[in-house]
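Copied over from TrEMBL, here are the features:
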DOMAIN    3-83  domain 'GST N-terminal'
DOMAIN    85-209  domain 'GST C-terminal'
Amino acid sequence: MSGKPKLYYFDGRGKMESIRWLLAAAGVEFEEEFLETRDQYEKLLQGGSLLFQQVPMVEIDGMRMVQTRAILSYIAAKYNLYGKDLKERALIDMYVGGTDDLMGFILMFPFLSAEDKEKQRAFIVQKATSRYFPVYEKVLNDHGQDFLVGNNFSWADVHLLEAILMVEEKKSDVLSGFPQLQAFKARMSSIPTIKKFLEPGSQRKPVPDDKYVETVRRVLRMYYDLKAN
């Protein structure tokens, strides 16, 4: 294994994108191997690299890690993005969990039919503006700090920024009623490592397109249709 973390996934967002975000925010360079064929996936399975027969998989510090949450937790702890004590870590876990719930509604979006996409778009915006964004707006307003937990940005902040940008892709003015989150987005986007990741040419992946969907379906043999909420 090389010194850089190596990511095994498709050439698209999916569950790996949050891992890319967190590594980039920490200023860590990483390599990627994109799964394009079923044979590549079978080779990983047969080699025992995929403990639960799933990707993402990340080679880091001599380990082959699977399970997205475990990978993210390790990266956050390794690069001091996981709070200064147990209480802060618990808060970060709580906020990340909430953001994960919101992002889960978006993860399935590219695989829906055109009709279901319109329903899901409205559902995502409704959930974001009524359940999730109000929580973070209140947290930032109540404690008056720049970040969700403590005086430095953490995994929770990186995850929230990623989610905000994903929801804005569904409705560009979704933050119009959330001044604290507007300011938060501006602060986070100006952090040098994050600003670099947001620039063209970075390893950040674009909105999933039909090619990405077809590749995932072919490699994972997904022959069923998902339904919107």
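Glycine residues also receive a Cβ, built from the backbone N, Cα and C atoms like all the rest.
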* Secondary structure tally of the domain 'GST N-terminal' (3-83) (DSSP, helix then strand then coil) -> 32 helix, 16 strand, 33 coil
* To do: Using DSSP, tally how many residues of the domain 'GST C-terminal' (85-209) sit in helix, strand and coil.
  => 88 helix, 0 strand, 37 coil
* For the domain 'GST C-terminal' (85-209), the mean pLDDT of the predicted model -> 97
